[in-house]
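**Student:** I grabbed these lines from Swiss-Prot:
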- Cys70, Cys74, Cys77: [4Fe-4S] cluster binding site (BINDING)
- Cys113, Cys205, Arg275: [2Fe-2S] cluster binding site (BINDING)
- 55-280: domain 'Radical SAM core' (DOMAIN)
Amino acid sequence: MTIPGTILDTARTQVLEQGIGLNQQQLMEVLTLPEEQIPDLMELAHQVRLKWCGEEIEVEGIISLKTGGCPEDCHFCSQSGLFESPVRSVWLDIPNLVEAAKQTAKTGATEFCIVAAVKGPDERLMTQLEEAVLAIHSEVEIEVAASIGTLNKEQVDRLAAAGVHRYNHNLETARSYFPEVVTTHTWEERRETLRLVAEAGMEVCSGGILGMGETLEQRAEFAVQLAELDPHEVPMNFLDPRPGTPFADRELMDSRDALRSIGAFRLAMPHTMLRFAGGRELTLGDKGSEQALLGGINAMIVGNYLTTLGRPMEDDLDMMDRLQLPIKVLNKVI
């Protein structure tokens, strides 16, 4: 039972009934809820998700067009060419991308996201991505999203014209903590790309990684900054420390804090798709993942991630079936 007068009581009126997200101060109260109130938080977040987003879960597969060799120094990422990590630079050709899209579609996924480890695309990458999107759309009934770094207006317009329906560019963390995570570019550069994406009519996808050493105040700050984007989708990653990176020795996020964060992000963004992404297997395990799917999450990446292993996609599909969570069906508008 929710205790009257608590932040959950406030959220029930403000978020569930009115669809208005919590502010930063209110989110701090959510992030510091006692452990015994986490089930109440999950229940409320699930009710908010059902009312404002519906009951369906969107499933997505991702693939890396270009892996490794990135010139940026994102401290969590093994794809940086500046760190002594085991990841090496690899390019995929278009036939392999089309085949991967076909395999993704067979799982029931409605979206296939093509990712490249770059600060921003050069002409070679832009051309290959445009050709890949056209090739995939000609053979596979699936939406194509992309994540290839910082873009200028011309590049944004080209991707929109090619048929990219959603663009991912994560803010990664709160503006105040960003300099502790990345030093080779700014938070503002990322924000500007997202502004251009929205202006071009593509759906905005932006999230980040929790558990990188940010304070609870910065976690609440991050949720509000994401909400200000009015994003279609927010991927929620949890730090999976990668060998050779500056964050290699960071501890995993506590599972209870992860659940509080999921609930808080749902209460900050009642209308937004919250997508389970990297690190959930280590941070939450099977039980925690099930709690989160009944506590505000309404989308998942299935299969492996960019440089880390996920769960077998069959296990995730079985989990959704066991929880009686319907998978979103792709609706084509003609």
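Using the three backbone atoms N, Cα and C, a Cβ is placed for every residue, glycine included.
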**Student:** Show which residues of the chain containing Cys205 ([2Fe-2S] cluster binding site), separated from it by at least 6 in sequence, have their CB under 8 Å from its CB.
**Tutor:** Ala145, Ser147, Arg166, Tyr167, Asn168, His169, Pro231, His232, Glu233, Val234, Pro235
**Student:** If one looks at the chain holding Arg275 ([2Fe-2S] cluster binding site), which residues at least 6 apart in sequence have a CB under 8 angstroms from its CB?
**Tutor:** Glu58, Glu60, Gly207, Glu233, Val234, Pro235, Met236, Ile297, Asn298, Ala299, Met300, Ile301
**Student:** Please work out the number of neighbouring Cβ atoms within 10 Å of the Cβ of Cys113 ([2Fe-2S] cluster binding site), leaving out its own Cβ.
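**Tutor:** Step by step: centre on the Cβ of Cys113 ([2Fe-2S] cluster binding site), count other Cβ atoms within 10 Å, giving 23.
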**Student:** Around the [2Fe-2S] cluster site formed by Cys113, Cys205, Arg275, which additional residues qualify by having Cβ within 8 Å of the site's Cβ center?
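**Tutor:** Along the chain, the qualifying residues are Glu60, Ile62, Glu111, Ala145, Ser147, Arg166, Asn168, Gly207, Glu233, Pro235, Ala277, Ala299, Ile301.
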**Student:** Given Cys74 ([4Fe-4S] cluster binding site) and Cys113 ([2Fe-2S] cluster binding site), what distance in Å do their CA atoms have, once rounded to a whole number?
**Tutor:** 21
**Student:** Cα-Cα separation of Cys70 ([4Fe-4S] cluster binding site) and Cys113 ([2Fe-2S] cluster binding site), in Å?
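**Tutor:** With the alpha carbons as reference points, the distance is 18 Å.
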